[in-house]
Amino acid sequence: MTFSGWHVYGLLQRSDKKYDEAIKCYRNALKWDKDNLQILRDLSLLQIQMRDLEGYRETRYQLLQLRPAQRASWIGYAIAYHLLEDYEMAAKIIEEFRKTQQTSPDKVDYEYSELLLYQNQVLREAGLFREALEHLTTYEKQICDKLAVEETKGELLLSLERFEEAADVYRQLQERNPENWSYYHGLEKALKPASTQEKLKIYEEAWEKYPKGLVPRRLPLSFLSGDKFRECLDPYLRMNFSKGCPPVFTTLRSLYQDKEKGLHPNVFFTFYDGKEEPPTTLLWVQYFLAQHYDQIGQHTKALEYINAAIESTPTLIELFLIKAKIYKHAGNIREAARWMDEAQALDTADRFINSKCAKYLLKAGLIKEAEEMCAKFTREGASAVENLNEMQCMWFQTECALAYKSMKKYGEALKKCHEIERHFVEITDDQFDFHTYCMRKMTLRSYVDLLKLEDVLRMHPFYFKASQTAILIYLNLHDNPLTDDSKELQADTGNLTDKELKKLRNKQRRAQKKAQLEEEKKNAEKEKQLKNQKKKKEDDDEEIGGPKEELIPEKLARVENPLDEAVKFLTPLKNLVKNKIDTHLLAFEIYFRKEKFLLMLQSVKRAYAIDPDHPWLHQCLVRFFKGVSESKDLAESVSMVLKQEISRLFGESNGKSFNQAFLTKHFNSIPHRVAAAKMMFYLDPSTQKKAVDLAIALDESLNNRNIQVLENLRDGSLGEAKETAELYRAECHKICPYTLAFMPPGYEENMKIAVNGDVSTETEELANDM
């Protein structure tokens, strides 16, 4: 085959996203024509796409030798060294190229400006701070982004410990924007205050200089405490209340983690709630207090304040939004969704409220209503779900997956998880077009940032949440494989009386008729959409290299090996999200079922290094200990390693004594007690009563209450305990009257949510989010 044949074959492989094969084809083509510019350029694009940085540097060097007069040749070669972290060489290459540029000192050239800023970034990353500062000072007039110059200058002066000059720079930046937090932090580093009082003086100067500034009054609250804290908080709150500033509570929420601040006592905030205040100020005080009491868990009081605010101003959307949040935090997501829909009805053109309402509806398990809500802002003539998938609306798909999972519709949930995974593949593929564009437009800083982002793309919370959901579903499908519905139905009907059987058949016919009507409606919608989408889909398929495999829920839920599918989602997490304990615990759950003891050991050791007292980790450790002690088919070398590591993790204790020690250490924490109770029953089923009593204790001294105990009583983790579960639910209802999970039987079926006038009769299972 000739070089042109290999080149064309490589282009075909590239269009099919088979980049490794395409690289092989280009290399074969270069054997026939080693100096072919077009092949070398195409090869360099694939090498940077696949992060073959050594190969990319060599290819870029060849291109520089062949075309030394072209700007892209120099820039590409410099970027190759930059990505290989050879910063000094990269800086030298850029400097040699810069010398060839004929630019007047007084002329404003954006591309030359970006080149200078990129060169300065390389110098800073190389640790050459003095040279970077001199470079910045020399070419300051030729750089268009004056703000970046000043901010970079401040950072460099701090790094060089020239604190007085740095302080002057940050004071100038504050004059430019007194609401930027980082400028105050930079000034603190420059002035190096020795005490809290000296640090406060920095902000007192800013109060005089910027009397209307909110940030200089907010930042001291982070390091002050006691009376001084209250003294500074008072004017900050009064200023925000009189201005009518809704986000004031959001800016203060982080302070609630510090108990020394004195934010928790209720008496402190009631000072602001007086009749002498003007009506508008009083409204924002009530709005703030509702959020305050919601934050500290006093939901009844929070509702009193927000109801009073709504009564005085029933047209303010923010009030209904906060009321919905209060119900959500109290555990009643159905009521929260109803109030969020009220907020949405006040302004149907507000996309933010529309999205919030859709999210709450999904959390409440009302998927159909959520789709109808989103349809108000999606493309007309297309299905809302399809359009949201095209727009890569991952928050919607994530919430859909969780809603379907809670309803045990595992196929639908997995479809959403796979759609999110495909979005990340598309985002990775989309970077290909920027390799040439960014060098042509000289947006080099943004280009390097893009490459670094793409390397850790799957660290994103959306990917983690989707992967976690998919792994948990696959684990459940492995433990409880889906059975054939008809066989299961025949087995169940054998134990029914004639009257019960007749009732069941009528119910099945009604369900079948309803399903048929829904199917016909869906088919009609699909036919309508196909006409509008056919051309677009053909264009998309041509662009992305062929049609993708259709995601069929039924097929996804009935895979032959769920654990292998789970591993596909787990691998990126193990590589990129190592700092999250859930990654390693999910890995353990998979390997435990695969009986891969060394990988189980690796997972628990990594999790132990992050948080040795995590309740889920404790369960994994006990199960690992028992699994190893009961296994008889282990190789001698493996068994020796496991015994050594177990002795390090457990010491001389056995499973029961280890579990008891864990319980004693965390006796007042409900999640830890539940974990210990489950393992007590797991190690010795005869201790069920003791384990259940341990889990259902509701003493006031216990903390971290949640609905997990009730779920464990119902799912068999603590043995058969349905009667105990009902008694526990009733007791919890007295303590948490708003929480939907603790409501009496039948309560959920009686609830109806009117979504903008359309009364929903959905009674699907609730997806609680506490």
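Placed from the backbone N, Cα and C atoms, the Cβ positions cover glycine too.
Just so you know, TrEMBL annotations are computer predictions that nobody has curated.
Feature annotation from TrEMBL assigns compositional bias 'Basic residues' to 504-513. What TrEMBL records for 515-530 is compositional bias 'Basic and acidic residues'. Taken from TrEMBL, the feature region 'Disordered' covers 486-551. TrEMBL lists 3-36, 147-180 with the feature repeat 'TPR'.
With DSSP states grouped into helix (H, G, I), strand (E, B) and coil, the repeat 'TPR' (147-180) comes out at 27 helix, 0 strand, 7 coil.
DSSP labels the residues of the repeat 'TPR' (3-36) in these numbers: 27 helix, 0 strand, 7 coil. Mean pLDDT, taken over the repeat 'TPR' (147-180), works out to 95 on the 0 to 100 scale.
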